[in-house]
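Participant: This is the structure I have questions about; it appears just below.
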Amino acid sequence: MATVTTPAPASDTSAWSRWANDHRKWLFAAPAMAFVAALIVFPLAWTVYLSLTDAEGSVRAESEFIGFKNYLDVLSDTDRFWPAVARTVSFTGIALLFEVVAGMGIALLLWRPFRGERWVRVAILMPLVATPVAVGMMWRLIFDPNIGMANQLLGWVGIGPQPWLAGKASALPTTIFIDIWQWTPMVALILLAGLTSLSDEPQEAALIDGASTWQRFRHVTLPLVMPTVIVAVLLRGIDALKTFDILYATKGKGGGSFHEVETLNVYAYGLSFDYNEYGVSSTVLIIFFLIIIGLMWALTARRKKEAQR
Amino acid sequence: MKTRTPYRVFRVVALVVVVLSMVAPLLWMVAASFKTNVDIYDSSKALAFSPTLENYTKVLQQANYVQFIGNSLWVAFAATVLSLILGVPAAYSMSRFSMKKSALVVLMARVIPGVSLLVPWYYVFSNLRMVGGFTVLILSHMFVSLPLIVYIMMGFFDGLPMELEEAALVDGLTHIGAFRRITLPLSMPGIATAGILSFIFSWNNFMFALVLSGADTKTLPVAIFDFVGYASIDWGGLMAAATVVTLPIMLIALFVQKYVVSGLTAGATKG
């Protein structure tokens, strides 16, 4: 930059301000970095340490270093751990699939301007900003087997009452539904931002070539918006894996009496704060964290490949 | 592009279905908050009921919700302001000097499961006898707010042309002076977006407060959770409590919709 040589005005040439000016890069970034380091890096290191101990009970209790015993125990636990992994995977996978498909549908509906657009956008923003715990309670009332609106609606079309959140098999799908209700708008808004940033020319060219609506979507729009789809999957996927609020709000401790909705996050939370099994919970968390990092890494690699095409 | 009539009809119908499915459950919650528990149990009174404020007076007067509203406001406000003070300059540096690795460290906070930090935090802060106080609660919420603010502001600064700052340097301002007098005022839309989003996320946060708040510092989501768990659920009161926590956020979203959407979709369209 040529401007660097410009002399600073006399009022601003104290030694401190010159030093600050020269070191502004780190002066600006350091406080935030220090905060993150203190609250994340150090605690994470401690979690790794705890996962190698038999810490339990009180936080002031003595704990012993036991090596990888927790890891062996957790990885061979087919009673709680692996079912929790399976639930986490199906919760995230199914929710993501529906959210991306429905989100794309909504984004396409909103793509071209229309009258009342503002109000539609406000409406779809509502589930997304609503407090998840309140959302959980709201659906608890709607899905209540005896007094809920859901069974009443089913009754009107001649279908018998369902147990919804109270059922052993239906609880997880019901919470997936709640997640889809709350987060499809998020995916829709991200995809809409992607669609809006596309230029019109490829669409017009395809139209002139006589491509049908489906062909235009499949072969023009979708490939162009694919990088945004991957961002949406990435952002939503991370949060879906970590879903806690609606699960804890609708089913309480341990993901219900049969652990119907106990995902890894709920399992780890329960181990830590309902049962004070700090050592084992840290092990579960480290494994969980590694899974998330792995998935993220895979998706980011995919996104880079997509961006290069 | 011209659209054919059948598609237009389809589009209107589809949009109505989408809007209804998003809004109807929330309206149902608000409606139930104005019903007596007798009416909630009576399906013939689904829509035709005589509204009552009984649930709200119960929640606001007996259940201490006024204090919880205050707690939630204070925690969200403090976490947002402190995160902006730390996050905006950091995002500026990371954007202008392309500090990719540093940015990644801050953004890691968005990826890490909160529970894995809660365990060590709980260890440290309960040994310091700080659990239950506002300080720990605000710090934990900053863990959510700061990465969000850095993420949004980095995108904003990336899109802010350097020419104005360079002109200010030519005019004799220092780099820091140019940041303070030129860049910051120009960044107000970005700061508003980041601040609003941070406030919403902090207001809605449940897990940190569930572990780290005490009887006097309890925030609204935890207070709502505590509403259930006893013998039978007081549905009217619960829905009033749920409405009390959700309504302010929905009003924010209604009035500053543009900021909320741009914050939520920040960085989505970058390559």
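Placement of Cβ uses the backbone N, Cα and C atoms for every residue, glycine included.
What TrEMBL shows for this protein is this:
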- A:85-299: domain 'ABC transmembrane type-1' (DOMAIN)
- A:26-49: transmembrane segment (TRANSMEM)
- A:89-111: transmembrane segment (TRANSMEM)
- A:123-143: transmembrane segment (TRANSMEM)
- A:180-199: transmembrane segment (TRANSMEM)
- A:220-238: transmembrane segment (TRANSMEM)
- A:278-299: transmembrane segment (TRANSMEM)
Participant: Counting only residues 6 or more past its boundaries, what in the same chain has a CB within less than 8 Å of a CB in the transmembrane segment (A:89-111)?
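Facilitator: Same-chain contacts beyond the flanks: 117, 120-121, 124, 172-173, 175-176, 179-180, 183-192, 194-196, 217, 229, 232-233, 236-237, 240-241, 243, 261, 263.
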Participant: Any chance you could find the range in A:123-143, A:180-199, A:220-238, A:278-299 with the most Cβ pairs under 8 Å to the transmembrane segment (A:26-49)?
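Facilitator: The listed stretch sharing the most Cβ pairs with the transmembrane segment (A:26-49) is A:278-299.
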Participant: For the transmembrane segment (A:123-143), what are the same-chain contacts with Cβ under 8 Å, counting residues 6+ beyond its ends?
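Facilitator: Distant contacts of the transmembrane segment (A:123-143): 106, 149-150, 164-165, 174, 178, 181-186, 188-189, 245-250.
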